Ligand SMILES: O=C(O)CCC(=O)CC(=O)O
């Protein structure tokens, strides 16, 4: 279906749930995650009749790990190939952080494949580039275990960490299980990304959700996106850090569902 092939796509690992003929919603995750990060959203959407497709971004989870650096074009091309694989012409797209960056890229470069966008805890330009180059080097030298503790400290608030140590351990393990080359190559995609000037080209109806306590992609980054995309609105969720959809699943899921119901 897709004729967009600026880079060679890889066949990413995916899980599809819900009625085969339901409106398709594709979930794309953050750096250091896999499709399990969206577990809280699956049942509520399936119960509403949506076809939920989750996947592991290249370099992460059970997806292939081609050598880096990656680009957003690579990640967007993989997603278009995934839609083709599932026979989906147009999908609602929900992405968090790196996933949201992929969503913005699709909104600009493949608008005919996107029904709506939900961009969670993300940024159109996330610097400084040097930080990403340093993190990529650290991970290539010392593995993802070396950044897992700091990563989970940005993903959830301190209060959540104290209340749910088991969940924090689960998330720490998720980061540590990402292959080092995949994580580093994804850092390099973020290092090179600048979508700010392209935001006005996004025609899709867009919901931007920020975590009020997100230290990785603070609320001001969401304001830039919501200010740049013509048909966008912004919601800020209290008590959420970077992995807001996991820490505040009821609120994030309700906002996503509300956006999808209006758009479908
Ligand atoms: O989460 C992402 O996809 C990119 C931002 C990030 O790495 C958050 C963090 O600092 O761990």
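Just so you know, glycine gets a Cβ as well, placed from its N, Cα and C.
Here's what TrEMBL has on this protein:
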{"type": "DOMAIN", "residues": "23-140", "note": "domain 'AB hydrolase-1'"}
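Over the domain 'AB hydrolase-1' (23-140) the predicted model carries a mean pLDDT of 98.
Taking H, G and I as helix, E and B as strand and the rest as coil, DSSP gives the domain 'AB hydrolase-1' (23-140) the counts 54 helix, 23 strand, 41 coil.
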